[in-house]
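The following features are taken from TrEMBL:
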- 8-35: domain 'CHHC U11-48K-type' (DOMAIN)
- 42-69: domain 'CHHC U11-48K-type' (DOMAIN)
- 76-104: region 'Disordered' (REGION)
- 82-94: compositional bias 'Polar residues' (COMPBIAS)
Amino acid sequence: DVLDPERLIQCPLVKHHRIRARRFPYHLVKCKESNPEIAKSLATCPFNARHLVPRATLSDHIMKCSDKAFMEQDVVSRSYEPPQQQLNDGSTWQAPPCDEDWET
């Protein structure tokens, strides 16, 4: 967490785990390995890999995810960027000379 890296976050896999925000991504990897059965029952949010939610509630989470707005804003801002200028009628790449004669 950029705002407060020392903030404690509750682990979505094991509820009694409390992890500092700066260590949270590393903890998730280790905790998934240590608890594969619990990890199978959770789905990862497409907007933030730190969000692990029960598979049954993933679509609801996606609709309400706070990080969704950042992604949508990024997509909109990219759509307004001017396209890159093309170089003289297309590519300037030329094939290297070839000594092979496939006809013979």
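Cβ coordinates come from backbone N, Cα and C, glycine included.
TrEMBL entries are annotated by machine, without manual review.
The average pLDDT computed for the domain 'CHHC U11-48K-type' (42-69) is 91. In terms of DSSP secondary structure, the domain 'CHHC U11-48K-type' (8-35) contains 14 helix, 6 strand, 8 coil.
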